[in-house]
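Have a look at the structure below before the remarks.
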Amino acid sequence: MAITERQNPSAERKLFRLCPFWQRRSTTSSPPSSTQNPSQNYRSRHGIRNSDVSGVPKPSSALTVSSVARSILPARRRLRLDPSSYLYFPYEPGKQVRSAIKLKNTSKSHTAFKFQTTAPKSCYMRPPGGVLAPGESVFATVFKFVEHPENNEKQQLNQKSKVKFKIMSLKVKPGVEYVPELFDEQKDQVTVERVLRVIFIDADRPSAAMEKLKRQLDEAEAAVEERKKPPPPETGPRVVGEGLVIDEWKERREKYLARQQVEAVDSSS
């Protein structure tokens, strides 16, 4: 009598759970799912590793941090200005009026400065430029001719004018004399320190701005008169050439000793 084998489904499921490697083999052999991430498919097709698309720029092809900072951050200022934003002028139509500004070199190197204005026909500066040593200051006087308002319109006092002044600076070597061509030859090294706007104030009305302007104009005039004075006479030893010091007392003594020797020779003969 033939015996027919009967399969037990529950026993088969138990055996499948005891041998999980069957499931892993069947999973790996199956084709990739269509729900896979498109970016992962693109990287796998083109052989791109995850580390290549991590978002970190490669040093060879990316800008350095210092170059990016130089392009974004403003240039370091070399001068401190007083006033720092505006030039105040007394409003006197038909007359030439003055303003003053103090410039101080706050850097550790010699710095050349230069003025520019949008109204060169009615404005000029004294001095128009110069070179300041580290920590050195200078007062500059600005002259402007005030025109009469058009159509008899009254000038708005304490309001910004269209006239502007630009102050530029340039790092130079010690001993370099100022010439305007310095700023043309080294345009890439020039720093725009400030752009100052002109403000007219009432000359007959007391104000803090007017008092400060008068004080700065007095200091500027005193500085100009000081520069006009001749240098004081030399009181120490005179220097002639390099390393040669002439002492007058020593010179007279040597002449005296030489004369004594000549007289002694004449008397013995």
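Quick reminder: no glycine exception, Cβ is built from N, Cα and C everywhere.
Computed from a predicted structure; not experimentally measured.
Taken from TrEMBL, the feature compositional bias 'Low complexity' applies to 23-41.
Taken from TrEMBL, the feature compositional bias 'Basic and acidic residues' covers 216-231. Counted with DSSP, the compositional bias 'Basic and acidic residues' (216-231) comes out as 13 helix, 0 strand, 3 coil.
Break the domain 'MSP' (78-201) down by DSSP state and the numbers are 11 helix, 68 strand, 45 coil. What TrEMBL records for 78-201 is domain 'MSP'.
Annotation comment: TrEMBL describes 22-61 (among others) as region 'Disordered'.
Per TrEMBL, the feature region 'Disordered' maps to 216-242 (among others).
Residues belonging to the domain 'MSP' (78-201) score a mean pLDDT of 90 in the model. Within its own chain, the compositional bias 'Basic and acidic residues' (216-231) has Cβ neighbours under 8 Å at 82, 98-102, 126, 138-141, counting only residues six or more beyond its boundaries.
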